[in-house]
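J.: Annotations for this protein, taken from TrEMBL, read as follows:
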TRANSMEM  20-42  transmembrane segment
DOMAIN    33-316  domain 'G-protein coupled receptors family 1 profile'
TRANSMEM  54-76  transmembrane segment
TRANSMEM  96-115  transmembrane segment
TRANSMEM  136-156  transmembrane segment
TRANSMEM  176-202  transmembrane segment
TRANSMEM  257-284  transmembrane segment
TRANSMEM  296-315  transmembrane segment
């Protein structure tokens, strides 16, 4: 009885077609989209409007790195080009390191964006003060450095040659560590953080809207009086008017950033929930003996989960 499942060939062909007709367009669109985001959020006006723009910049850079390390090798291998990760050990390990690091940075800086939106929409002055450039200038580099150190375990955890790869993951304790990492750091924790702080942000926005509705009658009356007095007796000082316009633009941009961040969270959850489910499933069934058909199905589901993870970097 052959140990090779007939489903293996079927799923391999499906994966090949996905690489040709899904990976390639997404690779191009992902690079163009993230470059556009870099150009947009690099503008001085946006960079000075709040720390959220800086977090979006980091997410865009991390997405570009993950796309060009995780996507390109898969595309080349399925298109028949030689894959260096199959023969060059340091390249194989380095690709895994950079790919995991960039994906994690994109995840957690997206969490930072949502947390920042919660802070900036809070009625608590202490919370709003935490959303500052003074905090961000330390948080961003220290966070990047921390993740670089955390993922340095890959350089010692992957070695040897196995199944056409030049870097084999060590068995035993390290495999358990990677499984737990996949279930927590890579999937569950960022999803929970995004859900919790998105709900808190929506609650803050609802509270602000309710407060605004309570004071609207008084504000409208006073504003009408000011407008009449101004039109009859004086012109608004140009400098003050400019400040008012800038404040309004900044407030409007803040609302747009909040909406963008909430949409990003929804996309992230939709495209990463399969990875979380598969990671949990792998832990639960780790001791189960698998048939060739089951192995083929699980490998295909895992490949789809990985593909969806990278897709987020192309559409975010």
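For all residues, glycine too, the Cβ spot is worked out from N, Cα and C.
Walk me through where these features lie, including what they touch and how far apart they are.
T.: For the transmembrane segment (54-76), the list of distant contacts is 19, 23-24, 26-27, 30-31, 34-35, 37-38, 41-42, 47, 82-85, 95, 98-99, 102-103, 105-106, 109-110, 112-113, 116, 133, 136, 140, 144, 257, 310, 313-314, 316: same-chain residues at least six beyond its ends, Cβ to Cβ under 8 Å.
Distant neighbours of the transmembrane segment (176-202): 103-104, 107-108, 110-111, 114-115, 117-118, 121, 153, 157, 169, 258, 261-262, 265, 268-269, 272-273, 275-276, 279-280, 282-283, 286; these residues of the same chain sit at least 6 beyond its ends, with a Cβ under 8 Å from one of its Cβ atoms.
Cβ atoms under 8 Å from those of the transmembrane segment (296-315) belong to residues 5, 7-8, 11, 14-15, 18, 22-23, 26-27, 29-30, 33-34, 62-63, 66-67, 70-71, 103, 106, 267-268, 271-272, 274-275, 278, 290 of the same chain, restricted to positions at least 6 beyond its ends.
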J.: Short question: which residues 6 or more past the ends of the transmembrane segment (257-284) have a Cβ under 8 Å from it?
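T.: For the transmembrane segment (257-284), the list is 50, 52-53, 56, 107, 110, 113-114, 117, 120-121, 179-180, 182-183, 186-188, 190-191, 194-195, 198, 201-202, 205, 301-302, 304-306, 308-309, 311-312, 315-316.
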J.: Same chain only, please: residues at least 6 beyond the ends of the transmembrane segment (96-115) with a C-beta under 8 Å from a C-beta of the stretch. Say none if there are none.
T.: 52, 55-56, 58-59, 62-63, 65-66, 69-70, 139, 143-144, 147-148, 151-152, 154-155, 158, 167, 185-186, 190, 193-194, 197-198, 201, 257, 261-262, 264-265, 268, 309, 312-313, 316
